[in-house]
Amino acid sequence: IFSYQGPIVVCRSVKWILTDPLTVVSPPLPSAVFLQRLVKLFFGCLAAVACGMLYAIYLSTYHDRKFWFSSRQELEREITFQGGSGLYYYYYKRMLTAPSFERGFYELTIDNRTVSGQTINAVERLSLYPELITSFIYRVTGSQDLMEPIYFYIGAVFGLQAVYVTALFVSSWVMSGTWVAGMLAVAWYVINRPDTTKVEHAIPLRDNWALPYFSCQVAALTGFLSNKINSATEMFCYLTMSATTFTFLLVWEHSHYVLFIQGLCLFLLDSFDLMADIHKVYLSSLFLAYLFQFQNPALLSSPLLSLLISSVLARYFQVELASPSRPKYQHFVFLYIRDFVTNFLLCQESFQTPVQDFFLRLTQASVLPFYFLVLFVCLLSTLQTIYRRLSGEPMKTNLRLEDGRIGEQPEVIYHVFHTLLFGGLAMVFEGMKYLWTPYVCMFTAFGVCSPDLWMTVFRWLKLKSIHPVVLALILSTAVPTIIGFSLWREYFPRVLAELSELQEFYDPDTVELMSWIKTQAPMAAVFAGSPQLLGTVKLCSGWAVTSLPLYSDINLLRRSEDTYQVYAMRSAEDVYKILTSHKTNYVIIEESICNELSHNKGCRIKDLLDISNGHVVYDRGEIYSFSKHGRFCQEIKMNYSPYTNYFTRVFWNRSYHVYKVNSVISFQY
């Protein structure tokens, strides 16, 4: 391997020059080759940034067209934050109205103006660091004179989505060696937008803030695992991984479960000695996130920490350890308690199995067929690599194109494990598709643009009629060109039509309700209702509520169960006692819940309440609800005693009925 030539030692296998026993320098590149690489890098970076910026502009334009955002009043704009996500924007507004950033931060840590009868640390409970950072930047940059706060807020989210697709671009580029793969990955991501992101429906959601950082972390990890980088680039990737992992943990309460799955992928790589030790990245990020989240015990009981401890022990003590068991943690308490909370969470859309339309959309966009092709080749080559490692054969550190061993590239092996684990979960849970589909687009684009993949196939086929290297280079250019042209012809007119079409989104009943609350309800009033509606109430009025649309807190879920009793078969007295125990002044009844019609009958709110309250009778496989009391939300509209003794209707329209909870009970017969 080594040869001595005077004062210079040449290492021919890895092509490094040792001029001194402690100094390593790379061999000088010819000026023409260096210039060619520099031009390629410049145009690749330019294409990546352009794709990200164009996607952000597209999101902004589409959002304005969909909601008529620029022509709406402030109240109507805030109502467009759907699914209770507007609660997060409320805290952003509150930070801007505080006398100073420090004072606003302190008030959020001892917040007694949100949940009735409770003082909560809103920063920890709701993961409000995105709102804190965005409000701080808005203050210090003097953006008050340039744009309204709401535009700055949604602009920050759209900017992060630009970073998201740019990171996917870079990942595919690094793996394939061509930035054409990055452009194809972004194209597939945008085309399959309903299955890759939720940013169009609920902008302030935590995963819209967090997943761009996870995408950057995956891109940095891909570069770190690559054998084609120098020491300076490796250090940059390592630092980027550390920063993005910490940020990802900080802004999303469920992030450590995602990192646990990623950690399993890296654990498999480590088991076959296919990667360097990066446990320090996770451990340091967990420690910092634990401190910044006010010593959050959830991080100490997370499966990620259990996995890291097991990995470290296995590495340093070289003993066979049993797999860590999942701790009984509050986010998963519904797995152990069979009641309303259990069924309510399991009935959420995120926990349902994917519908057939999901796979049909991916197939029509041509991503799914090519995904299976790329996955089959990479998985089979990876299994061959693992077999060689178990047989004691060392991995080649200087792979060439003609070797046809795509499964010996550590970054490819990682992404095979990544897509298999996340894909397996996506086949069971609908919500996991937003973590799987973006990387399906990236992984597939890398595969069809990679000469190594085609060369691997040709080596298996033992192709001799045509030189396999030449054919691999031709196919790695021709196939993505054909795919890109077909996507352009079919989907580009649709994208332009979306931007030119004015859509109508207007909810006059909700606007009327929020206007009444702001003008008629006293400032000390406490409102009860569904968590999603209460998030909008809190955003538009600022009044206290009985619960919040936060499904990771068991105490808030219990309070939501109590306020949902207005849709159960309970007596007026029972409901009155429950509401007054939470200091409720007004209760909002929604027609859409009271008279809900759904094919999935067992998952309606009133069905879940009947099961929890024991008001269900099973007869010959059918489920019937029965109680000596009528359904409260229907009976109270009749306006007769005893309901009028406890409640007084103060507002109603087609969608909502608002009742005041009487402080003094008047018995009328």
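Just so you know, the numbers here start at 1 and follow the chain as drawn.
Even glycines carry a Cβ here, placed using N, Cα and C.
According to TrEMBL, the feature transmembrane segment maps to residues 435-457, out of the candidate ranges 274-296, 435-457. The transmembrane segment (469-488) shares the most Cβ pairs under 8 Å with 173-191, out of the stretches 38-58, 173-191, 368-390.
Ranked by number of Cβ pairs under 8 Å to the transmembrane segment (150-167), the listed stretches 38-58, 173-191, 368-390, 435-457 are led by 38-58. Below 8 angstroms of C-beta separation, residues 164, 168, 171-172, 175-178, 180-182, 184-185, 188-189, 192, 195-197, 211, 215, 218, 258, 362, 367-368, 370-371, 373-375, 377-378, 381, 399, 401-407, 409, 415, 418-419, 422-423, 425-426, 468-469, 471-473, 475-476, 479-480, 483 of the same chain, each at least six residues beyond the ends of the transmembrane segment (435-457), sit close to that stretch.
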